[in-house]
Amino acid sequence: AETRSRRGAGGAAAMAAGLRRAWRQRRAALMEPGYTPLVAACLCLAEGGVNLWVIRRVPYTEIDWKAYMQEVEGFANGTLDYTQLKGDTGPLVYPAGFVYLFLGLYYATGRGTNIRLAQYLFAGLYLLNLLLVFRIYCRTNKVPPYVFFFMCCASYRIHSIFVLRLFNDPIAMAILFLAINLFLEERWSWGCLLFSLAVSVKMNILLFAPGLLFLLLQRFGLLGCIPKLCICALLQVILGLPFLLVNPVGYLTRSFDLGRQFQFKWTVNWRFLPEEVFQNRAFHAALLLAHLVGLGLFALHRWHRSKESILALLKDPTERKHPSPPLTIVFVLFSSNFLGVCCSRSLHYQFYVWYFHTLPYLLWCTPTAKLAHMPKVLLLGVIELCWNTYPSTVCSSLSLHICHGLVLLQLWYGTAAPPALHTPPPSRRPAAISKKAQ
């Protein structure tokens, strides 16, 4: 009886120890960034089913797809004057890369009539985009895997933008994330080519451009980055050449119209302002100034980590006195884009995809204490709620700005360099400390 009692106690202890190990492993799978590939694989499989369910169960909503098809149909019929390409929602206002990509979709979907096939194609794009994003997060190794559940299955708006609305924004962002993957692999020329292709689909990608310019200067210096910039410019010329030969002014003014006015009824971020202020050019100029100031401050104090002046970036890297620290490619690009989003003249509902997949990194790239996880998750939830409030309200737009401000504050203070600690010269250190340091 005593033996059986000991065996029973030993079995109970072993079971308890096994349960503790299983709990630790489960907790590690949710909290340790090293488990990101495993969690990403599970979420991608789940997302395949979610997208199929959404396509089959949620009614498709027509917004811009027919207009896209009408715009590229004009090009298919031989119209090369950009000012003559238009649809039901107005004139074509995207660069030439958009025309070629959506012309392919035009023919693939029976001249745009097979909406269900287009939805399946965008579901595939959604999964490809997710794989590219997860690959970036695997390289950064900063975000706890449980956060990706909120990035995937929890966002109704993002699924809607991809498979229920068929906007061009997701295509531009998928190409952009492919370019960032190439930058992380040190394939800068190919990355610049893909970056320029993304710009040719939609101009919002230019919000990443200040960060990319900084990275190119840091990596190659002024003379070294000129060939990379030429790659970007040359692709734009090649893609736009058929239209530039016919009406160059019309093409440039339509596809790269930086002064285009937005309709107040669609704004997500400035609903709390009177419409006359929203449309005022002085307000637009103030936003541009705020954007430039923000970029300057981040470039000087958060992106630039060398002991030399920022003007040293113009030199060849081999001629700099102090070697630059490792490139923080993702931080520079994501924060550059986020600053642009915060200072945008207007954000429409499809623009959420411009920065949605970067938010987990922006929130968790800074050191996070155990008790700080919940406020960051709450911040993600409030941002999602703001983007799902239709039509936007004074409360939702103000809340969105407050959330953006909180993200900027934690980026600014969370990435500040720690104060340098004074260490005595080696000759004056105690012997024990010197031995330990070795």
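Every residue, even glycine, has its Cβ placed from backbone N, Cα and C.
Computed from a predicted structure; not experimentally measured.
If you check TrEMBL, you get these features:
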type: TRANSMEM; residues: 92-108; note: transmembrane segment
type: TRANSMEM; residues: 120-137; note: transmembrane segment
type: TRANSMEM; residues: 166-184; note: transmembrane segment
type: TRANSMEM; residues: 190-217; note: transmembrane segment
type: TRANSMEM; residues: 229-246; note: transmembrane segment
type: TRANSMEM; residues: 282-300; note: transmembrane segment
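As a quick check, the transmembrane segment (229-246) and the transmembrane segment (120-137) miss the bar of 3 or more Cβ pairs under 8 A, pairs 6 or more apart, so the two do not touch. Counting only same-chain residues 6+ beyond the ends of the transmembrane segment (166-184), those with a CB under 8 A from a CB of the stretch are 63-65, 68, 94, 98, 101-102, 115, 118-119, 122, 125-126, 128-129, 132-133, 135-136, 139, 190-195, 197-199, 201-202, 204-205, 208, 215, 329-330, 333, 350-351, 353-354, 357.
If you look at the transmembrane segment (120-137), the same-chain residues 6 or more away from its ends with a CB under 8 A from one of its CBs are 33, 36-37, 40, 43-44, 47-48, 51-52, 55, 105, 108-109, 143, 148, 151-152, 159, 162-163, 166, 170-171, 173-174, 177-178, 180-181, 184, 330, 357, 360-361.
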